[in-house]
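Student: Before I ask anything, here is the structure I am working with.
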Amino acid sequence: LQTRLQAGQGYGNTLKCVLTVYRNESLAGFFKGMSFPLASIGIYCSVVFGVFSSTQRFLSQLHHGDPAAAPSLSDMTLASIVAGVVSVSIGTPVELVKIRLQMQTQPYTKVNIKLNSTVPGSPVYRGPIHCLRTILQKEGIAGVYRGNVAMLLRDVPGYCAYFIPYAMFCDWITPDGSISPNPFSIWVAGGVAGAVSWAVCTPMDVVKSRLQADGVYLNQYKGTLDCMLQSYQNEGLKVFCRGLLVNTVRGFPSSAAMFLGYELSLKAMKRCQTETNP
């Protein structure tokens, strides 16, 4: 839904988008482009959380002489920025393939745009591997990383608004005297962090989605700035809020589950290590 609302045409609001997708493509339409992100989400999240934690421990060691020391706000900010930069190298190709698969059957109604040989509205890619191979053959490595600047501008502030609110909110709702937050506190803090993060990065998410959807049948945008200018000129400032509701609503449960799984996994591994090496 997010991609259709941000880069598609004629979907209107969220409810209309849901009904249109279901009417035209049945339930299968809601799962387009899912296989590639599903196969890579474990690696992606492991890298992002690992880089954030490692950077944070390094900064704590550097500034306080103890990697386990409580990080300062500046340390968390820098660790979030590093995690955001690293995430782009992995996330851009995955996002590109997902969006191309989701948008390849969308009609284009603009005139005076030179279309590719494929008829708009007909499938271009047979699956994620074929999509990635086709992009590599036609556009090279640069094509695989199309939209990386927009994604960088999305993920750097997005991860700052992800990890920092989580740490602050988790600390705020954890009862005094507790050594570590309970699972419910982690779940709530993670959900709030996810919603806040998506609210912050939705404007650049719109730009990224449009840049990556661009190229299935046509090439409308010359780059990130051109996409922003064209979107603003054609639809006004409201265009940068497209998909905001979907992003924030999905951000709460997905991030709540992500942080809960991460924290419980860490606790389990530390407990196993303690039992193995008393």
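Backbone N, Cα and C define each Cβ position, glycine as well.
Those TrEMBL annotations? Automatic predictions, nothing curated.
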Student: Quick one: sort out which of 36-56, 78-98, 225-245 is the transmembrane segment according to TrEMBL.
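Tutor: It is 36-56 that TrEMBL annotates as transmembrane segment.
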Student: Grab the same-chain neighbours of the transmembrane segment (36-56) for me: Cβ-Cβ under 8 Å, and only residues 6 or more beyond its ends, written as numbers and ranges.
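Tutor: The answer is 71, 75-76, 78-80, 82-83, 86-87, 90-91, 94-95, 97-98, 101, 128, 132, 159, 163, 258, 262.
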Student: Could you tell me the mean pLDDT the prediction assigns to the repeat 'Solcar' (1-58)?
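Tutor: Mean pLDDT, the repeat 'Solcar' (1-58): 77.
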